[in-house]
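Asks: According to TrEMBL, the record shows the following:
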type	residues	note
BINDING	105, 193, 240, 241, 242, 243, 244, 353, 354, 355, 356, 357	substrate binding site
BINDING	225, 226, 227, 235, 236, 237, 238, 239, 240, 357, 358, 359, 360	ATP binding site
DOMAIN	124-402	domain 'Aminoacyl-transfer RNA synthetases class-II family profile'
Ligand code: ATP
C-alpha cells in the first residue's frame, strides 16, 4: 500500500514539474515564494485552458438552440449572498492542532480515515464513520465532529499528536469593502460561485431574448473561496474558474432535464479525449438544502476519483429566495397548454445546473495526457515523455521545422508557417538537431510536426510526423491546411455530441 501511495504522489509531482517546465502552470508570485493555492497559467497553459473554455462554451451555446451566454460581474449586491445561503451556511468545519499550529478541515480528516478503512479491506467501518460524520455536521454545535476525531485517534501528520482545538465553522467567502470613505464603505464579497450572476439575470435574459422555458444560461468566470486546506495542485484553489449553466424548466419536468444533462456532460468529457474508464458518476446521498437530486462526474486523478463537475437539480430555491429578499417577482408566464387545455400560467421555474471547474478539467486533461513510456528494445530502449492531448485541445497544433537553415529551407519553412498561422496555432523552430526539436514539441503536446527537407525544394511536399505514433507521412504543402485543420478542429469533437 505504501508503495502505491508513493507512486501516486510521485506521479502528481512529475506532472506539476512538467507543467512548470513547459509553460503550463506556474506558482503565483513565485519570486516571493508563491501564494498558497493560487496559480498562474503560462504560455502553453493559457492556450490549453482557452481551448477547453471555447469547447465548453460552443458545446453549450452553439449546439443547444435554447442556451445562451452571459458574463456577469464578480462583485454583486451583498444581499445576493444572503438569499443564496452563502452568508449563513457556506462554511467548512476547521480544527487546529495545538502543537503544529496547522489547520485542517475536520470532515477531510475523517474522510481520510474512512479511505484508510476502505484500503485496509474494512469498508463497513469507513461507511459507518462517514454516516456518523454526516450526522455530526448537521448539529449547530460541532463538538460531535471533534469527538469522532478523538475517538478515531487521528493525529496531525506534522506534529504527530492528537492535541486538537475545538471545531469551528469558517466561512469560505472573501470579503472586501466598496466606497472611498471607511465610514460609508460597505462590505461586499468576491463571488464564491458564478451561478448567482445567472439567477439575478434570469428575467433580463428571458425578456430581452424572448426566451421560452425550457432554456439555459451559460457563463464562464472566476470564483473565489478561502479554502482552508488547499492541496493537490490546481485541484483546489482559492481563485479558480467555473463554467456553469443553469437550465430553467417547468416544475415537474426537472428530473427529465437532470437526466438528459447528466448524459450530455459525460459525453462531452469523453469527446475531448478523457477515457471512459477514468470517468464515473457519483450520486450524492446527502443533498444540499437547495437540491432534490445531485450527481458528480468524477475523474480518476493520480490521487483518486474526485469531483470534476457537479450536476444539481436546484428546484426553485434560488429564484424563490431572490424573489423573497428583493421583493421582485421572479416568475415566468407559460402560455403552453396543460393536459386540460389550460395555459400553465405563472410559475417560478425549476433549475438544473451543470457546473464544471475549468481548472479541474484542465488538470484532468493534463494528467490524462502526461505519458512516460519506454520505446525501442534492448540496448536501443529509451524513455520517452510526451503529452498526448486530443488535437482539439492541444495548445500548439503544429510546428514547422526546416531540416537545416541553409539552402533556402528556412525561407521555405517560414512561408509554410506564415500561410498556416491564420488557420490555427502553429509555431516555427529552426534551432538545433531535428530530433531534439521533435522532442521539444512532444513535451508541449504538439500533435503534428511539419519537416521541410531537400525533397520539399524539388516537389513541394513535406513530412508530417505524428506525435503519438512517431510515424511520418509525405504530404503536399497544398494539402496541409485541410489535413491538419480538420484533425485539430473543434468540429470533430462536436460531431460526437
Ligand atoms: P468540493 O467538494 O471539491 O469542494 P464543491 O462541491 O464545493 O467542490 P461546487 O460548489 O459544486 O464544488 O462547484 C462546482 C465545480 O467548481 C466543482 O465541481 C469544481 O470543478 C469547481 N471547484 C469548486 N471549488 C474549487 C476550488 N477550490 N478550486 C478549483 N475548482 C473548484
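Glycine is no exception: its Cβ is also placed from the backbone N, Cα and C atoms.
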Asks: Same-chain residues six or more away whose CB lies under 8 A from the CB of residue 244 (substrate binding site)?
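Replies: Within the chain, residue 244 (substrate binding site) has Cβ neighbours under 8 Å at 193, 194, 195, 198, 218, 219, 220, 353, 354, 355, 356.
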Asks: Measuring Cβ to any atom of ligand 1 with a strict under-6 Å cutoff, which of the binding-site residues 105, 227, 238, 244, 354 qualify?
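Replies: With ligand 1 as the reference and 6 Å as the Cβ limit, the list reads 227.
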Asks: Out of these binding-site residues, 242, 354, which one has the fewest other C-beta atoms within 10 Å of its own C-beta?
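Replies: Least crowded of the binding-site residues 242, 354, by Cβ count within 10 Å, is 242.
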Asks: Across the domain 'Aminoacyl-transfer RNA synthetases class-II family profile' (124-402), what is the average pLDDT of the model, as a whole number?
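Replies: Taking every residue in the domain 'Aminoacyl-transfer RNA synthetases class-II family profile' (124-402) and averaging pLDDT yields 94.
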Asks: Show me the subset of 225, 227, 236, 358 whose Cα is within 10 Å of residue 105 (substrate binding site); these are the binding-site residues I mean.
Replies: 227
Asks: Could you list the residues of the same chain, at least six apart in sequence, whose Cβ is under 8 A from the Cβ of residue 358 (ATP binding site)?
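Replies: Set apart from residue 358 (ATP binding site) by at least 6 residues yet with Cβ under 8 Å, we have 49, 52, 53, 56, 220, 240, 241, 242, 243.
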Asks: Going by DSSP, give the three-state secondary structure for residue 238 (ATP binding site).
Replies: coil
Asks: ATP site residues 225, 226, 227, 235, 236, 237, 238, 239, 240, 357, 358, 359, 360: biggest Cα-Cα distance, Å?
Replies: 18
Asks: Please find which two of 105, 193, 240, 241, 242, 243, 244, 353, 354, 355, 356, 357 have the most distant C-alpha atoms, given that the record lists them as binding substrate, and give only that distance in angstrom, rounded to a whole number.
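Replies: In whole numbers, the farthest two Cα atoms are 27 Å apart.
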Asks: Taking 10 A as the limit, how many CB atoms besides its own sit near the CB of residue 105 (substrate binding site)?
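Replies: Around residue 105 (substrate binding site), other Cβ atoms within 10 Å: 18.
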Asks: Identify, in sequence order, the residues in the chain of residue 238 (ATP binding site) that are 6 or more apart from it along the sequence and have a CB within less than 8 Å of its CB; answer 'none' if there are none.
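Replies: Expected: 36, 37, 38, 174, 224, 225, 226, 227, 230.
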Asks: Please name the residue among the binding-site residues 225, 227, 236, 356 whose C-beta has the most neighbouring C-beta atoms within 10 angstroms.
Replies: 356
Asks: Using DSSP reduced to three states, classify residue 358 (ATP binding site) as helix, strand or coil.
Replies: helix
Asks: What are the non-local neighbours of residue 360 (ATP binding site), defined as same-chain residues 6+ apart in sequence with CB under 8 A from its CB?
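Replies: In sequence order, 234, 235, 299, 307, 308, 309 meet the Cβ cut-off.
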